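Novice: Dropping a structure here in structure tokens format, bear with me for questions.
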């Protein structure tokens, strides 16, 4: 197992799933902190943009003064569900992009409403066994740029991608006991 004890990982905690991400990060040995301010953001080696409601998160990023700092944040980022939407540089339906850090286009709520949430075994590039992916009002990536690597698809739709030190997934890895997605994210710190 890798040693992540020297790293501090932030989880943006303006809205959305935070404690589950913190627990998984700490399980792997890294220090995890909730990020609500610029001073907290400046302490981290990498950042998780959690699930939640992307439009509400954008408003809170602006009101907290974090929006511009997040746009210029150049360390590794893992965006899950709404976090994927925040990372996209294009959203279907004409909605303006949020942080626009990844060359991807995203369809929001692509798999239906809350009642249509599901878990499936997902094959992820580089993983020997399937991953128990939990989809809750999940988006998917409808278009990718040439610099984006597809890590997983479900029913022909891209649901996990990588661009440089950015990872974006449509599902919630923090809602399972399987830590491989978070470990893949933490490995970005060693590259």
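The backbone N, Cα and C atoms fix where each Cβ goes, glycine too.
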Novice: Of the residues 108, 180, only one is listed by Swiss-Prot in the L-glutamine site with 52, 53, 54, 136, 137. Which is it?
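Specialist: Candidate in the recorded L-glutamine site: 108.
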Novice: Determine which residues of the same chain, besides 52, 53, 54, 108, 136, 137, have their CB within 8 A of the center of the CB atoms at the recorded L-glutamine site, and list them by sequence.
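Specialist: Close Cβ neighbours, site residues excluded: 51, 81, 82, 85, 109, 139.
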Novice: Where does residue 174 (active site, charge relay system) sit by DSSP, helix, strand or coil?
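Specialist: DSSP call for residue 174 (active site, charge relay system): helix.
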Novice: According to DSSP, collapsed to three classes, what secondary structure does residue 136 (L-glutamine binding site) have?
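Specialist: Its secondary structure by DSSP: coil.
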Novice: Among 52, 53, 54, 108, 136, 137, recorded L-glutamine binders, what is the largest CA to CA distance in Å?
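Specialist: In whole numbers, the farthest two Cα atoms are 13 Å apart.
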Novice: Can you tell which of the recorded positions (53, 174) has the fewest other C-beta atoms within 10 angstroms of its C-beta?
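Specialist: Per-residue Cβ counts within 10 Å for the recorded positions 53, 174 bottom out at 53.
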